[in-house]
Amino acid sequence: MNKIVFFGGKGGVGKTTCSASYAVFSAKSGLKTLLVSTDPAHSTSDIFEKKIKNEITNILPNLDAIEISGEKESKIYMDNVKISLKNVVSPVIVKEINKQIDAASISPGTEEAALFDKMIEIITEKNDEYDRIIFDTAPTGHTVRLLTLPELLGAWLDTLIKKRSKSVTLMSMANHHGQTDKKDIDNDEVIKILRKRYEKINKAKKIMMEDKLLSFIFVINAEKLPIDETVKAINILEKYNVLVDGIVVNKILPENMKDDFWKSKKEQEQKYLDIIMETFKGKKIFKLPLLQEDMKSNNIENIADKFSEFN
Amino acid sequence: MDNEKVKEFLNNFKLFFQGATDFNRKSQSLLMKESHNEMDDFILLCFGDILGIPIPTSYYSLELLPLIADDLDGWQRRMVSRLYIWGEKWGDFDLDA
Amino acid sequence: MNSLILVLSVIIIFIIAYATYGSYLCKTWGLDPKKQTPAHTMEDGVDYCPAKAPVLLGHHFASIAGAGPIVGPIQAAVFGWLPVMLWIVIGSIFVGGVHDMGALFASVRHDGKSLGEVIHSTMGDTGRKLFSWFAWLTLILVIAAFTAICAGLFVSTPAAGSTSILFIILAIAFGFFVYRKGAGLGVSTVVGVVLLFACIWLGMRFQFTAGFTKSTWVIILVAYITVASVAPVWILLQPRDYLNSFLLYAMIIGAVLGLVILHPTIEAKSFVAFNTGNMNYLFPMLFVTVACGAISGFHALVGSGTTSKQIDNEKDVKLIGYGSMLIEGVLATIAIITATYIATPELGELLSDGGPMNVFATGIGNFMQSFGIPFETGKVFTSLAISAFALTSLDTATRLGRFIFQELFDNRQSADEKANVLTNKYVSTVITAGLGGLLAVMGYAKVWPIFGSANQLLAALALLTLAAYLKKSGKSNKVAVIPTIFMFVVTFAALVLLIIQKSADFATNWILVIIAAILLVLAVVLARFGYKTLTETTEEKIKG
């Protein structure tokens, strides 16, 4: 299994429980593990019965967790911008520009962008510290956007750096009778910021895509619709060179059902399980049972062990 | 005419001559103009949403705002008059004809 | 008559005009020294930035003066020097000066927008498109005229051609070593000036003669301006402008010193004939041939755009707008003197041999001889200087023409950048420069009057806009209306005459006839637009 593992799938299939138990499994097998929850409902805290905040918290031996939220991250980012603004221009002008910042903070992509930013920060900065980083992520669409972000941002940053460098060069040509000073470019604050972001995004890209340290696990239930959707999603991800490692079939009904309703349900499930085994041949397929009660810290280890059969 | 006036006239004549033959100024202002144009495009790529042009990366450009803020007003004014190249380019390049 | 007396009397007349008519204009237009100018209200350190009046006068003069005020008067000298002189003096005072000062004034009152922008914004979509087409055609004519003039000069004075090529190579090398490699400016300047004179020395020894016809030079020049106009400004523009300033210094000193020492007697006839043959009637041809020295529409577009943004105080508008036009009148007077101390028959020969620049170079060469510079050297030097300025005009016109062309053909409703090949930077440059070159092959004598007509039409439009603006602000506008009518009449008459004249040999002149016809149609349409603006003087029509 790869170093960075993303759990994906439609809402309600049990991504959080699966990623939590997988994290416990990793920790128990001796890997220093970080579980990152991006779920706004913060059910990770519920599972471990421990308040996890937006900073790294130790849960079990070898297992740390963090809950990040786009809303919080974007607020931190915006506040930082406002503070540094006040140190560059008069607070009176900042008042005017604040409108612009506030408008940005409610625009649709902002929280997602902030979340991605934080995810990239964790990937680039915690990569060396942990043996495995597990993301309980959002639906597939978001993931694809996250993976294409280095591409999009890289091109954008590249253009910006070029434009700014050209502008600085021309200005220094005009001011020093045409002589250019390379230092002017290196000392430029704008270029420094842009380069920093560029390096970060490239590092994330290298980790996620070039070194192939990223893998993806899909969580599905044995039903028709999720299978079709997952096939599509896998195709997309593999186009981006992301390895889809395994499929977790969650909420499998127990054997020997008694009444007719559940018996036919179980038969149907078996049919779909067969289809799943056929469709995702070659990938690791984990089956996790439907639990009688909510998963909590006392029963999580039982589930975690289910992963060992395949690793 | 008193001495002061002659002096002033001569000085003004000198300034005129300097202005008229200061060819370096022309190319210097062209370079500056090009430099500013690059920056105007730069700001457009970052803060186009101020003009109602959606910029998918606008979240990331916000951190540049403190460094750009000073020029934002002037930039908006310049962008408004840029629908046609009239005025702008004719002024930048003098025809010398 | 002695030429020195002529220059001095022109200067005295201009000083009187400046003090009387100039002040009268200030009063009727209501120039207000207490009113804040755009340079202050909109100061941004980029475009809007107040400048000292004398310095700004220098900048503005440098922008409006060039090869134009030299070529036009010399070319018109075929009518005799007196009518040309009268047109330069009367034109500068009552038409050109009003036009330039008015353009600057209107621009200052419109947030520093150039008059071109103001004209442009008062028109509807169709008018705007027509105006752009008109501007593009005018620029093509600039390219054609100056390419033809340079080609003519290089054939008649082959040393000027080779020297110019060496000069361009020198400029590129100079730019490379100074601006890219960081060689010190002081040392480089000394080396540059030495090499500059080495260029002339070398150019006089290696001359392109065999096989270098006018057409060959036109092709070389078109290729050069195509490349120069798409290259980044710092590669050629900056070093060339820097070196040009030395040429200009030397030429001015040589010309003035020579004029004073030699103070030649005017040999040419004061008046030749109303019709110099081939329907070349004094009216209207004189008034379109001498454009820049008496009135030029380009001044409204070029000067008013940047200068108005730097006016420190409204009272400076008189000095800078009116004053610089009068100085240009003096320059035109000096230009005509270089032609008139040569007797009329020889002048005709020199003109048909190498064109007006050849006459000017010969004249200044003679002036310089008076203080010991060999005639040939002086002539080649002057040729180099004046063609260097013409080349600057050429690539600027190509750049501007390309921008307008791209804008004209861009479908603003489509996002597909590749769909229209005409909006491509290189394609539009090649079309613009190529068409100019095609016209240039016809010879400058044929192109120049059409270029002059287009330029004067532009001036008429600018005057019309000024008249409309003055009327709107409740001021007397007859100082603008009378020149407007005059300029429209001149342009219409000239274009009609040119069409008739050139149609006689339609097979060779068809491009010229077509362009003149298009200009005539545009003139009618634009005059109608203008008339409408003048009569409906609502606030938003003017402000756009």
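Think of each number as a place in line: the chain as shown, counted from 1.
Cβ coordinates come from backbone N, Cα and C, glycine included.
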*Looking at C:45-64, C:185-204, which one does TrEMBL call transmembrane segment?*
C:185-204
_Please count the residues of the domain 'CstA N-terminal' (C:350-494) that DSSP assigns to helix (H, G, I), strand (E, B) and coil._
120 helix, 0 strand, 25 coil
*May I ask for the residues of the chain that lie six or more residues beyond the transmembrane segment (C:450-470) and have a Cβ under 8 Å from a Cβ within it?*
29, 72, 95-96, 98-99, 102-103, 105-106, 109, 115, 118-119, 122, 134-135, 137-138, 141-142, 144-145, 287-292, 295-301, 476-477, 480-481, 483-484, 487-488, 490-491, 494-495, 498, 512, 515-516, 519, 522-523, 526-527, 530-531, 533-534, 537, 542
*Would you kindly check C:160-178, C:185-204, C:281-302, C:426-444, C:479-500 and say which stretch has the most C-beta pairs under 8 angstroms to the transmembrane segment (C:506-527)?*
C:479-500
*Look at every Cβ pair spanning the transmembrane segment (C:380-405) and the transmembrane segment (C:130-154), keep those 6 or more apart in sequence, and say whether at least 3 of them are under 8 Å.*
yes
_Leading contact stretch, C:185-204, C:426-444, C:479-500 vs the transmembrane segment (C:84-109) - CB distance under 8 Å_ = C:479-500
*For the transmembrane segment (C:160-178), find every same-chain residue at least 6 residues outside the stretch whose CB is under 8 Å from a CB in it, and list them.*
150, 153-154, 185, 188, 192, 195-196, 199-200, 202-204, 206-208, 212, 217, 224, 234-236, 238-240, 242-243, 361, 380, 383-384, 387-388, 391
*Given the transmembrane segment (C:426-444), which of the listed stretches C:185-204, C:216-237, C:281-302, C:479-500 has the most Cβ pairs that are under 8 Å apart from it?*
C:216-237
